[in-house]
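> So TrEMBL says this about it:
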type	residues	note
ACT_SITE	ASP142	active site, nucleophile
BINDING	TYR197	substrate binding site
DOMAIN	234-338	domain 'Pseudouridine synthase I TruA alpha/beta'
REGION	46-75	region 'Disordered'
Amino acid sequence: MFRVRPLLSALVNHRQTLKTNGGLYKPFCKMSEGGMDKQTATLLKRTNEENEDSAEKVQAAKRVKTDGEHAEDEKKYPKKKVVLLMAYSGKGYYGMQRNPGNSQFRTIEDDLVAALIKSGCIPENHGDEMKKMSFQRCARTDKGVSAAGQVVSLKVRLIDDIIEKINEHLPPQIKVLGLKRVTQGFNSKNNCDARTYSYMLPTLAFSPKDYDTGNIAAFRLEPETLQKVNRLFALYKGTHNFHNFTSQKAPSDPSARRYITEMSCGEPFIRRNYEFAVITVRGQSFMLHQIRKMIGLVIAVVKGYAKEEVMERSWGHEKVDVPKAPGLGLILERVHFDRYNKRFGGDGLHEKLEWDREEEEIKAFKEAHIYPTIIETECEEGSMVCWMATLPIHDFEATSIEVQDDKVKKQDDADEGNDSD
């Protein structure tokens, strides 16, 4: 407590002494005009110093208490390196990766970090400096892109019921489905061997270019067309130079070479009277917009806007105008850690990073939050139909068109920073 009462008492006693000694008393409020006497000034100075000391002791005590609480938390719940299995619907978010200080573009990681802090898994200051918790994600999903099997690695306090407590502070369209301990040096991006994506689209995308798009519900994909689609997708398998399938990559850039192990389109199915199909692609890694452009080029060929030979030409050194399909239907299905599992999965200390037990929950989340969003948005907004209307402006015969190339580059630059991987 501040020593205010002793100060008043001292001043009252000093005033009484002045009266007793015949001295003239001047009101305290006028001391500044003539200056206070030396004894009063000394008393006031001493009291102020004692007050300052007392305030410092109070603050120090608070710091000690807070530090003690943190130390107690660290002792009770020491930080450990883990991975979190996540699923989310990307609609309304500007991708996965957080951009600190840029709150107007909300990302999945913004909500995840907030939930980690509120649940007590990480200290509050880790939210501003994510390196403190060694945070890393497997893939930087693009704006609006969803995930059913995203994996992030980080150091957390292993509190009781940790998954439930994190989910309490997350919106319904984001959910943590699993947690596993990993080695201290684990990095979810660097240790990831491959990524599998799916792309859900209305089969109308593979209709002839003169088909009446006003009659979407009536279209059904013929088996022969599906066979052609899969034959074209199979051409992507292996290692190719995908510099034409992303922005700002030169043909000579080694990073433009990517390895694709699988790409195919599944059997069609009906939702809300519209026919949909799901394309699956697995690769070592993908560049910005690569998957959407791989799909866009096949659609252009199937619909008759481009000749099949454009695919082989797109892997060469020439510049080829490749259309980019909408981002709505893209989903990060799962990430693969084959080398890590082989090395550490059987050491008796760590689990394999496989999620068979969570498979039913993953399916349930997709049915509840991801598929309905894609289907409803497609049916109401018609993003695929609108995109197909732009295909005639692409010139697939020319090797370089400055006007069109500049237009595409501007659009890609506008999306830069939201890599699919």
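Heads up, the Cβ atoms here are built off N, Cα and C, so glycines get one too.
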> What's the CA-CA gap between ASP142 (active site, nucleophile) and the residue listed as 'substrate binding site' in angstrom, rounded?
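Counting only the Cα atoms, the answer is 12 Å.
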> Kindly state the mean pLDDT of the domain 'Pseudouridine synthase I TruA alpha/beta' (234-338) in the predicted structure.
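Here the predicted model's pLDDT, averaged over the domain 'Pseudouridine synthase I TruA alpha/beta' (234-338), is 96.
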> I'd like the Cβ neighbour count for the residue listed as 'substrate binding site', meaning other Cβ atoms within 10 Å of its Cβ, all protein chains included.
25
> Give me the count of other Cβ atoms within 10 A of the Cβ belonging to ASP142 (active site, nucleophile).
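If we count other Cβ atoms within 10 Å of ASP142 (active site, nucleophile), we arrive at 23.
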